[in-house]
């Protein structure tokens, strides 16, 4: 593993990576603060606010952890020991899984919230925050149980050079695995992620069906005077579809780039592009929430008004 060739010579790649992380950290901090305050301040707190707060907090920690890992990538020489390597890389892998779990839970909860009263999903509408927290915790524990092998595979290689190790940072690398172990872990990971993404896709498809039915009923009842304004249900459904599209596109791109990287001996550029693409959803999704929810804008306006009046 020649570490001189691992570091990208293009400074623009470094600037792009840290710019994305900075923007994402700022946006998720704002989103987390807004939804946490709205959850505790409003008379009827919505469980979906807690779920979005979970998602933004997970993405915030994911981007911060990635920032620490990226800092070690661009150093001249690695300084981390094996404990730091294993802790940060394992924590980062867990946060990526938690992000998927939180996004999946949000889509499902949104489906319950926007379902009509005649739907069989109505009974799930008014579940307490304890149920939301419990479901999120269950998904997280499930994800943790499949990622413990990283503690064995991650090693500190600040002073070692070998073509058999897979580069992670200047300090850390992954040990090679046998074909059978690689296939087993890959199958478990793909099964887990396909299951969660399928739940997101099913909930999104269900919402599209509901939106289509609602639109047909509205056209039938108000055929002569249709309103050009989108209803809250329509806006929420568009937000769900937009988030789902972003997630799937970035997930597929990240997977393609990862497999392209493994085919090249010096995959430094592919590695950096993979990191940028795989963290794009965590950077972009807060802006989708902020611009699609009028409550957030009203919340910040009222907060600014309080500050001015004090």
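Placed from the backbone N, Cα and C atoms, the Cβ positions cover glycine too.
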Per Swiss-Prot, residue 238 shares membrane side with residue 305 | yes
Per Swiss-Prot, which of 73-93, 94-114 is transmembrane segment?
-> 94-114
Which range is transmembrane segment per Swiss-Prot? Of 20-40, 167-187, it is 20-40
Feature contact check the transmembrane segment (20-40) with the transmembrane segment (239-259), CB under 8 Å, 3 or more pairs = no
Mean pLDDT for the topological domain 'Cytoplasmic' (115-134), as a whole number?
-> 64
Have a look around residue 172 (disulfide bond) and count the other CB atoms within 10 A of its CB, chains all included.
-> 26
List, by number or range, the same-chain residues at least 6 past the topological domain 'Cytoplasmic' (290-310) whose CB is under 8 A from its CB atoms?
-> 27, 30-31, 34-35, 37-38, 235-236, 238-239, 242
